[in-house]
Amino acid sequence: MKIKRFQNLLWFLSLIFKLMIFVAIGMIVLLIYDLIFGPIDGMIFSTINSGFISFSKTNGNIDNQERIAAEIVTIIIALLNIYIYNKASKLFNGLSGGETPFNPHFSGKIRTFGYLYIAQSLLIKPLYSIILSVLIPNGYKVVIGFGEGLLIGLILLIASAVLDYGTELQYISDETV
């Protein structure tokens with residue numbers, strides 16, 4: 001009975017990730033509309049300011065340029081998140097169907113998610129700085145820092161190592177029997 005409840009929970013998580021894909025697509029559509037036709041009154045889209053360690057230095061007038069750069073980077077983040085959400089949805093859907101997490105293929109997927117989150121955390125702020133520095137006439141903005149994606153990525157890497165260890169233990173147990 002507990003296994004069936006666990007599989008139902010995994011199926012529900014798969015569904016949540018599918019819904020998050022549609023939310024991210026909707027955000028991309030709004031951002032592209034905002035970039036083409038100008039800002040939508042009262043709406044600001046930016047994920048660049050999230051994070052727990054950050055440093056920022058600005059030179060030049062950046063009001064509109066900062067908005068555009070933040071929206072471009074947010075589109076890039078949303079596209080990466082769509083990829084991650086799609087893979088996570090498939091992963092949880094497979095587990096809900098009875099696939100075992102104790103195999104090298106599964107732990108490799110978890111490891112890939114970890115690397116994606118780490119890369120996203122470390123590369124987004126420098127990318128934002130580069131885009132904004134190109135947009136600011138005679139000015140620059142330098143943003144150095146990383147967000148919670150770094151910790152999420154490290155936790156996922158540890159989880160994949162635990163799954164690899166569980167796979168080894170299962171293999172040793174199967175050989176012993």
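Quick reminder: no glycine exception, Cβ is built from N, Cα and C everywhere.
Curation does not apply to TrEMBL; its annotations are automatic.
Annotation comment: TrEMBL describes 9-33 (among others) as transmembrane segment. If you look at the transmembrane segment (9-33), the same-chain residues 6 or more away from its ends with a CB under 8 A from one of its CBs are 40, 43, 45, 71, 74-75, 78-79, 81-82, 85-86, 88-93, 95-96.
Taken from TrEMBL, the feature transmembrane segment applies to 68-85 (among others). Below 8 angstroms of C-beta separation, residues 17-18, 20-21, 24-25, 27-28, 31-32, 34-35, 45-48, 113, 116-117, 120, 124, 127-128, 131-132, 135 of the same chain, each at least six residues beyond the ends of the transmembrane segment (68-85), sit close to that stretch.
The annotation transmembrane segment is assigned in TrEMBL to 115-136 (among others).
According to TrEMBL, the transmembrane segment annotation covers 142-163 (among others).
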